[in-house]
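Structure first, then comments.
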Amino acid sequence: MGSLPVLSSSPECAPDAQAPHRVKVAPSDLAPLFDAQRRHLDHFFDRLDLTQAAAFAQALLDAPGAVFFTGVGKSGIVALKLAQTLASLGFARAGFLSPVDALHGDIGSLFPGDLLVLLSKSGASDELLALAPCARAKGAHLISLTSAASGADCPLAAACDLNVHLPLQGEVCPFGLAPVTSTAIQMVFGDTVVAAIMEARRLTRDQYASNHPAGKIGKTLIFKVKDVMKKQNELPLCKEGDMIMDQLTELTSKGCGCLLVVDDEYHLIGTFTDGDLRRTLKASGPAIFNLTVGEMCNRNPRTITADAMAVEAMEKMESPPSPVQFLPVVDHKNIVSGIITLHGLVSAGL
């Protein structure tokens, strides 16, 4: 092992407390780096062996057991991310296996027929080279993803059943050492293969949603109108013969900004909003005391069903000719069962 350089303690190397210097990054500094990164990525795309990539994708599809990803350092972080992404699809049991912890007991997670994917820029990581024969002894199938081509410079490839070469022109790093391009290539490659698997397995939105019950993704894919709508005593209901001024409490107390005008069997006749109230008051003045809700309501409102997706309700509210703040929820007989509001959708995280 070599020795680390000793940091100088000379005055000229110490920060000047009297004159602090703020280091800045200008757009002109970034432009050549992004250009270089683009060239490195183009190099990868132009030289990637799609036959190898397809063989890797097929191995993931055909894996009879669990799929584990492993790597050291930054490659290990990418391996963890890919394992989590594959697990989220629900096609196979997938996880991350730390190469160090594996050699101290965690290799017990591996069973015959499992697949172990080893990520390494150099293809010569000591930890992975130590793990490979032990994993093979457990009956696992081994695949390496390396930026070193198979051969003497890539001993990991020789230890695996399949090696996928991820062509790397260079790292966007002042020293050409920090894995700021190689890890991007690993991530792009792995995620693209996962996308191919999603298409091959004909993954549906419902299947995807079943593994994402929380967060924006889950709420968008799982929540239906009936899950977030107001119902029963929360509904601002009135009859078309009711006087407008007699329904002000109902209009303002339910927090919907509207009245749902129904008949005796709760069929929807129309809607009357607080905006309609203002316009009627401006146009009619004192005559508003003699007007019924039915005379001034909108008899052709937008509606939605309880089984529609909540995100569909939001899209319908925002659609032309002008956005609305609510939608009456009706069944196939036009009977009111609830109301969904924009505020309710936002509160639900949509």
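Glycine residues also receive a Cβ, built from the backbone N, Cα and C atoms like all the rest.
In TrEMBL, the region 'Disordered' annotation falls on 1-20 of the listed ranges 1-20, 21-40, 261-280. Each residue contributes its Cα atom, and for His212 (site 'Catalytically relevant') and Glu127 (site 'Catalytically relevant') these two points are 34 Å apart. For the domain 'CBS' (229-288), the model's pLDDT averages out at 91.
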